[in-house]
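Over in TrEMBL, the protein carries these features:
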- A:Arg205, A:230-231, A:244-248, A:261-268, A:Asn282: FAD binding site (BINDING)
- A:3-185: domain 'Electron transfer flavoprotein alpha/beta-subunit N-terminal' (DOMAIN)
Amino acid sequence: MSILVLAEHHDGQLAGATAHVVAAAQAIQQDSGGDIDILVVGENVATIAEAAAKLDGVSKVRVADNAVYAHQLAEPVGALLVELVNDYGHILAAASTTAKNIMPRVAALKDVSQISEIVAVDAADTFKRPIYAGNAIATVRSTDVLKVITVRSTGFDAVGTNGNASVETVDTVVENSQSTFIRQELAESDRPELAGAKVVISGGRGMGNGENFKLLDGIADKLGAAIGASRAAVDAGFVPNDMQVGQTGKIVAPELYIAVGISGAIQHLAGMKDSKVIVAINKDEEAPIFQVADYGLVGDLFEILPELESRL
Amino acid sequence: MKVLVAVKRVIDYNVKIRVKADNSDVDLTNVKMAMNPFCEIAVEEAVRLKEKGVATEVVAVTVGPKAAQEQLRTALALGADRAIHIETDERVESLAVAKLLAKVVEEEQPGLVVLGKQAIDTDNNQTGQMLAALSGLPQGTFASEVVVDGDKVNVTREIDGGLQTITLSLPAIITADLRLNEPRYAKLPDIMKAKKKPLDVKTPGDYGVEVASKVSLLKVESPAERQGGVKVASVDELIDKLKNEAKVL
């Protein structure tokens with residue numbers, strides 16, 4: 001049976017996460033065979049489909065381009081997927097807010113379970129996924145005829161972009177009278193996407209206020225880093241919630257993660273403890289973050305950050 | 001309108017979990033249990049809707065072992081009017097929970113169902129979406145604001161790039177994100193009163209739902225331990241280590 005990957009995209013761009021999901025699909029393909037197809041759903045998504053066709057290992061890109069799919073609302077996109085999945089044994093998507101919204105709907109309508117946020121493929125029916133905020137790794141096997149899966153991008157390396165898949169149009173249009181898009185407010189940022197950045201520097205409650213997050217800007221610029229935050233910093237209103245790293249925010253696994261003024265609660269660690277190198281800067285030498293940090297620097301962040309910026 | 005709120009009994013979020021020696025699961029014996037934090041937020045939202053005069057009745061429901069009645073009593077102490085306990089000792093996957101809740105929705109005909117966006121034990125983030133699908137209702141997931149307006153509800157959702165607002169026709173399913181509200185604490189008199197509120201006990205069989213799942217848990221392991229690192233004395237030493245030892249700069 002073939003494998004269908006739901007393309008992740010926003011702002012007219014194919015999201016990097018899609019290439020990681022295709023890698024997970026290839027791991028399944030090694031065991032079960034079959035083709036890997038990508039489905040691009042949305043409105044005015046031709047350029048996204050072109051980008052998806054370049055991903056290595058993809059046989060076919062299927063494009064459902066219609067106003068009803070704009071903003072990828074769960075009701076119409078779920079209904080479309082239910083129509084299309086009969087040809088497939090697996091359907092995969094990135095564990096993004098978009099797919100987390102849609103995929104369980106599809107699973108329920110097909111009367112199968114969903115396997116959330118896999119980090120490894122043991123076999124075409126057996127997967128590893130973190131539970132309890134990443135404090136345990138479960139191995140699960142599904143005997144469902146259709147496996148509906150979301151993929152944690154940080155568990156799989158992205159595939160290359162030398163592919164040349166065919167692109168075909170999906171004409172299926174579904175109706176949606178239940179939900180209507182009203183507006184969205186997206187945080188503006190010139191920095192790399194948090195989930196895909198090679199370096200992440202995050203601030204916590206220790207930053208004191210939102211203004212002080214500017215202390216991270218210069219360092220982030222010099223390192224080409226994305227800026228993240230702990231839930232405490234978000235809840236205190238220092239920064240918007242899309243910057244949150246943790247169990248309930250984004251999961252990151254960069255080469256270098258710098259935690260500034262973050263104590264290291266379980267919830268936060270769940271979002272970053274797979275980073276290659278972790279640096280903690282905190283004035284409290286007992287802070288739990290030092291138990292996972294490769295390099296810890298105890299001291300006042302208001303002195304350390306400007307010094308760090310000037311030395312980089 | 002009636003508001004249905006689903007709650008789950010889970011390990012307390014502060015507990016550092018232990019994996020069983022035989023790797024069959026996480027060890028839950030003698031561990032502090034509590035209401036899932038996202039469910040607390042769902043209950044709070046339902047109670048606030050009642051206080052605003054939008055909801056006429058708040059019904060709390062759970063699926064789980066007998067001990068899960070503690071969490072239903074908590075929901076009642078926080079302001080729910082009555083509770084339904086679907087008792088089972090089986091490991092119930094999201095799909096089966098959604099099927100049971102769909103039966104309750106069919107029976108109770110609520111105007112709105114509020115759930116947490118995910119349980120902090122299985123971290124699935126599925127049940128609300130599945131319930132919406134099975135009940136044929138629209139969904140407002142990861143909600144940080146819920147405004148009922150006549151026969152519609154406006155939901156502001158937390159999405160990867162920021163916030164998105166959608167309008168759903170009622171009845172609808174909402175799943176609560178952390179920032180939806182700050183749950184209140186139950187006061188002692190309310191806890192006492194909650195003991196007298198009605199609590200119906202049912203079984204999955206009463207609803208004709210089979211809870212067995214096609215997903216089996218083969219193994220649970222501890223994640224790879226991170227090596228405790230070193231403390232450096234200065235910014236210079238830190239940069240030196242990052243450049244020459246870790247080679248990430």
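Including glycine, each Cβ sits where the backbone N, Cα and C put it.
Sequence-distant contacts (6 or more apart, same chain, Cβ under 8 Å) of A:Ile262 (FAD binding site) comprise A:Ser202, A:Gly203, A:Gly204, A:Arg205, A:Gly206, A:Ser230, A:Ala232, A:His268, A:Ala280, A:Asn282, A:Ala287, A:Ile289. Here the binding-site residues are A:Gln244, A:Ile262, A:Ala265, A:His268, and none sits under 8 angstroms from chain B, going by CB atoms. Sequence-distant neighbours of A:Gln244 (FAD binding site) (same chain, 6+ apart, CB under 8 A from its CB) are A:Gly228, A:Ala229, A:Ser230, A:Arg231, A:Val234, A:Lys250, A:Gly271. DSSP classifies A:Gln244 (FAD binding site) as strand under the three-state reduction. Counting every protein chain shown, the number of other Cβ atoms lying within 10 Å of the Cβ of A:Arg205 (FAD binding site) is 17. Minimal Cβ crowding within 10 Å, among the binding-site residues A:Gln247, A:Ala265, is found at A:Ala265. In the three-state DSSP reading, A:Ile262 (FAD binding site) counts as coil. Counting every protein chain shown, 28 other Cβ atoms lie within 10 Å of the Cβ of A:His268 (FAD binding site). Mapped onto three states, the DSSP output places A:His268 (FAD binding site) in helix.
For the recorded site, A:Arg205 (FAD binding site), the DSSP three-state label reads helix.
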